[in-house]
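Lifted from TrEMBL, the feature list:
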ACT_SITE  Glu107  active site, proton donor
ACT_SITE  Asp240  active site
DISULFID  Cys303-Cys335  disulfide bond
ACT_SITE  Glu349  active site, proton donor
ACT_SITE  Glu374  active site
BINDING   Thr460  Ca(2+) binding site
Amino acid sequence: ILLVVSGGCVCCGFLLNQHYNPAFVSLQMMKHAWDNYKRYAWGLNELKPISKQGHSSNLFGNIQGATIVDALDTLYIMEMKEEFKEAKEWVEKNLDFNVNAEISVFEVNIRFVGGLLSAYYLSGEEVFRKKAVELGEKLLPAFNTPTGIPWALLNIKSGIGRNWPWASGGSSILAEFGTLHLEFVHLSHLSGNPVFAEKVMNIRKVLSRLDKPEGLYPNYLNPSSGQWGQHHVSIGGLGDSFYEYLLKAWLMSDKTDEDGKKMYYDAVQAIETHLIRKSSGGLTYIAEWKGGLLEHKMGHLTCFAGGMFALGADGAPSDKTGHHIELGAEIAKTCHESYDRTRMKLGPEAFRFDGGVEAIATRQNEKYYILRPEVIETYMYMWRLTHDPKYREWGWEAVEALEKHCRVDGGYSGIRDVYNNHESHDDVQQSFFLSETLKYLYLLFSEDDLLPFEHWVFNTEAHPLPVLHKDDGNKEENQK
Ligand code: DMJ
């Protein structure tokens, strides 16, 4: 497809041509992000694009190479063959899990296990399957709790786990233990070892037995007592991908996982009743719920829900299909407004609907943008499911803003205040910029038969996993 440049100054050369192919532009962005990572931070977790050196995050302990593993499938999909080859060689020679490291089980699962699984399914290269299973085995001690609800943090050498010290009443976090399902089902499928799937099915069982306040799932659950912590509910941070994985577990099971399906549609019903509101200006938003009281704030993270509602429309009762698509469209519009109402046309971390504002961040510590994908993710789902051209136009607006404000010589950086006239860069190129933001942009501007939804489900870090059909069997059976 070709778009015509809307005018205005855009800093990078290929945007200056009068006609351009947006998928090609996304690929060039990936090349800039990757080349700079390779040049300044190769083998380290992430890149600091201003100071041009490596960035390490304590989420991965001293496991290294987060950007490489997170980017593998994007490189493959964009047909960046040389880069994929060098990434694969790095994985073969250097990706090492025999380290004394305390890691976030959730982050390592979605980025490393998810990245390796997708790389395996796309390329068929055995090394990725082996590494994914090896890492999955390292994560298993996290489930050694009285309920089997895993710890948030795990030392992968000693096998000792614990929870975040800030979490209510020593609880595990819903979005963390609820976002293992897709990867662990695939680990069992590929290893022939049922233990992975058993662990995540047990999480389901524990959750379905519990009483839910107003049908909602609080963000905190104590892994020892099996009781909820504070009754805080969010479809953004701390809750988000739990809901996403209920729907996607059903889709990934070729629509046979009826429990996942029921839990998803019941949860959406409760979310609609208790959390979704319309502003006086007509913007639909998803508030946060604290023990029955609403905080009229929506996180950037929550914007993924537009895509989720639209993706789930198909399985909703037939009289509700259109309604779920409409809900997705309304959330997409609100999130687009949150971008459009800033000076840089990039969305803040959180925006509010109170004190006379709508879709605007009012607190200084909520005005940053860290290259997050959720809004573009929702545009991609909405485009595929409706083909309304406005989603591609909105995606292009995001490309222009990223190029203008986030692109620097040494890669792409987050921004400290999107309402400011001048960029103050945070100096981090997040690994999810390569795995998610750029991949979703590329898919938004590509044909629908690239990773079609009938065959692929994206994990929460945008790593595609194939739908498992009943007659697929597991790896072991296939080898017999
Ligand atoms: C990613 O790691 C995943 O999308 C996760 O579900 C939420 N946060 C980041 C991106 O914003």
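Even glycines carry a Cβ here, placed using N, Cα and C.
What TrEMBL says about a protein is an automatic prediction, not a curated fact.
Overlay of TrEMBL feature records on the structure.
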residue	record	Cβ within 10 Å
Glu107	active site, proton donor	20
Asp240	active site	25
Cys303	disulfide bond	30
Cys335	disulfide bond	29
Glu349	active site, proton donor	20
Glu374	active site	23
Thr460	Ca(2+) binding site	24
Message = For the C-alpha pair, I'd like the distance in angstrom between Cys303 (disulfide bond) and Glu374 (active site), rounded off.
response = 5
Inquiry  = Between Thr460 (Ca(2+) binding site) and Asp240 (active site), how many Å separate their Cα atoms?
reply    = 9
Note = Among recorded positions Glu107, Cys303, Cys335, Glu349, Thr460, close to ligand 1 by Cβ (under 6 Å) are Thr460
Query = Taking each of Glu107, Asp240, Glu349, Glu374 in turn, which of these active-site residues have a Cα lying within 10 angstroms of the Cα of Cys335 (disulfide bond)?
reply = Glu374
Query = Hey, how far is Asp240 (active site) from Glu374 (active site), Cα to Cα, in Å?
reply = 11
Where Cys335 (disulfide bond) falls in three-state DSSP terms = helix
Request  = To the nearest whole angstrom, state the Cα distance for the pair Glu374 (active site) and Glu349 (active site, proton donor).
outcome  = 11
Request  = Please report the DSSP secondary structure of the residue listed as 'Ca(2+) binding site', reduced to three states.
outcome  = coil
